[in-house]
């Protein structure tokens, strides 16, 4: 029996209804019941899917500041996510590529004798120490400060600057280096850097000099630093199993940061500084004799490595003597007996500002 026959007692068809009925193919009752049951099943499934979608859209916290139900505190801001150690990055091919690429970022000429007429190595050291304090105060990555100093030296080797522009240049280099090496591109805020200069520069000046540094460096800011060589070299040294390589790497990073303050170390390549920093860290742990192996890995002349290592040891010894001389009430540090520097002490800053000795140079 068809639907048209089942509707015998219904209302009489009008002309329009007759046309629609004639155009519509007849549907059997069993097909109609099947469609009705399928529609009912879909109606039962659809609310569940809608509820899932609403749960996803309404209850998911898409930002750290979004809160859930009333009275529930906002979710904590997630920390920076870093990729795990990839053994592919420790292959010999990576080391060879770094050795070839470091020549492009090396400073081979004494720009104080050829180009710069107003600034001196002492002024550069003052600005470098201020930049290091800013990085320590903001807990920046260890690679930020050496990379910023690499930008500064490359810029000074191509463009002359005045005394009043040196700190502005260092601030712009810090801004660029933090954008490149901080996790998640979480660079130092520009207004915070202006605050660290005691508002001696403006935000507009900082942005203008950021573009100036980029143009002078030809936008080639992915520089090679000594930090890039540390894991590759440490993985290839025949160290005893009980040696804490992480501690050796931290000591080497400290030596690299201290050496970046002095202009005399800019004439060494990044690989040379990395080798000598590792050798100095191992010597401080009573493990000497690794320079020949480092020479074989990098192809650097052994005499050059020995000279750089002696300069690092002399630099650290002078620093320790200065700290001992300035210790209150004649108290010496525990590490004063050796030349390995003690762990960095936490610093408390009442207010971030340009160091007094930097202002004395009229920055």
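Using the three backbone atoms N, Cα and C, a Cβ is placed for every residue, glycine included.
Among the ranges 300-331, 332-363, the stretch that TrEMBL annotates as region 'Disordered' is 332-363. Under DSSP, the residues of the domain 'Cyclin-like' (129-215) split into helix, strand and coil as follows: 64 helix, 0 strand, 23 coil.
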